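Q: Relevant sequence annotations retrieved from Swiss-Prot are reproduced here:
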type    : residues                    : note
BINDING : Gly73, Gly74, Arg95, Asn197 : substrate binding site
SITE    : Lys38                       : site 'Transition state stabilizer'
SITE    : Lys257                      : site 'Transition state stabilizer'
Amino acid sequence: MTDTPDPAAVLSPAVKAAVLSEALPYIRRFHGKTIVVKYGGNAMTEERLQRSFAHDVVLLKLVGLNPVVVHGGGPQIDDALRRIGKQGTFVQGIRVTDAETMEVVEWVLGGQVQQDIVMMINEVGGKAVGLTGKDGMLIQATKKLMVNKDDPSQPLDIGFVGDITRVEPAVVKALQDDQFIPVISPIGYGEDGTAYNINADVVAGKMAEVLGAEKLLMMTNTPGVLDKGGKLLRSLSAQTIDELFADGTISGGMLPKISSSLDAAKNGVNSVHIVDGRVPHCLLLEILTDQGVGTMISSH
């Protein structure tokens with residue numbers, strides 16, 4: 001199978017010049033600002049999308065923005081579990097994580113996936129550095145207990161899954177000041193050193209809050225948030241989100257994504273978007289063009 005060409009590579013010089021001209025006011029506006037990107041979905045597994053993501057992140061850094069990448073790795077974890085004869089289980093979009101699964105999560109996210117992303121960014125001219133929650137005490141966590149919808153008095157034990165208690169941003173800010181691009185694996189650590197698997201959407205949202213990010217972009221495998229008829233919802237308010245939760249329009253893996261996005265919007269992140277990671281250069285389209293892509297989340 002031949003690799004699909006990057007659409008940017010076939011644009012005429014005039015169109016490229018127009019795109020650059022359109023980007024200029026956004027580059028000015030966001031210069032020096034932090035942009036947190038949750039990297040996941042097809043953009044992590046398709047080669048052409050991996051390349052466009054890496055180029056986008058490096059370009060954003062070169063023009064004066066401060067991208068911070070928080071990555072997922074669900075398919076890679078599932079593959080590793082299958083190789084040892086285990087099947088992944090989810091409750092309300094959160095992976096149930098026993099001790100053996102936690103070992104796999106640490107190895108896959110903090111090792112294989114993180115290093116692949118770091119190398120990919122560095123190969124196209126960036127300076128990326130990988131972090132887990134243990135580095136600089138970045139992500140401190142406690143064991144998460146899920147609400148049992150059938151019996152709220154009996155919470156569900158989902159294993160080594162964590163709730164964030166504190167994010168210590170000093171190490172991220174130090175890397176940004178030295179022109180590095182932080183790449184963060186969603187693994188937190190308890191006071192006793194216990195490792196916890198934390199949903200990457202939750203980590204991205206909290207990281208955006210603590211860093212005072214200008215924007216939070218959540219990459220997904222859909223055009224954005226869709227209604228029950230499959231139509232893209234361009235913007236969502238807090239009230240609309242509550243209604244979509246209640247009627248089941250937002251469910252499964254989209255639940256933590258939207259909840260974390262709304263929390264970030266409520267806690268000072270100026271702009272929160274769910275973007276289609278299957279679109280090449282979706283980060284540049286969302287940040288540096290008039291059009292944008294996906295769904296905007298508002299706290300109002």
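Any Cβ shown, glycine's included, is placed from N, Cα and C.
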Q: Rounded to an integer, what is the Cα-Cα distance in Å between Gly74 (substrate binding site) and Lys38 (site 'Transition state stabilizer')?
A: 13
Q: What are the sequence-distant neighbours of Gly73 (substrate binding site), meaning same chain, six or more residues apart, C-beta distance under 8 angstroms?
A: Gly40, Met44, Val108, Leu109, Val113, Ala200
Q: Once the chains shown are all counted, how many other Cβ atoms turn up within 10 Å of the Cβ of Arg95 (substrate binding site)?
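A: That number is 21.
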Q: Compared by Cα position, which of the recorded positions Lys38, Arg95, Asn197 is the closest one to Lys257 (site 'Transition state stabilizer')?
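A: Out of the listed candidates, the nearest Cα belongs to Lys38.
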Q: Which number gives the other C-beta atoms within 10 angstroms of the C-beta of Asn197 (substrate binding site), all protein chains shown included?
A: 26
Q: If you skip the near sequence neighbours and keep only those at least six away, which residues in the chain come within under 8 angstroms of Lys38 (site 'Transition state stabilizer'), Cβ to Cβ?
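A: Looking at Cβ-Cβ distances below 8 Å from Lys38 (site 'Transition state stabilizer'), excluding near sequence neighbours, one finds Val70, His71, Gly72, Ala200, Asp201, Ala204, Leu216, Leu217, Met218, Met219, Lys257.
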Q: How many other Cβ atoms are found within 10 Å of the Cβ atom of Lys257 (site 'Transition state stabilizer'), counting all protein chains shown?
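A: Taking every protein chain into account, the count is 26.
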Q: So which other residues, same chain and not among Gly73, Gly74, Arg95, Asn197, have a Cβ within 8 Å of the centroid of the Cβ atoms at the substrate site?
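A: Surrounding the site, in chain order, are Gly72, Ile77, Gly88, Thr97, Val105, Val108, Leu109, Pro186, Asn199, Ala200.
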Q: For Gly73 (substrate binding site), just give me the three-state DSSP call.
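A: In the DSSP reduction, Gly73 (substrate binding site) maps to coil.
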Q: Suppose we draw a 10 Å sphere around the Cβ of Gly74 (substrate binding site). How many other Cβ atoms does it contain, all chains included?
A: 18
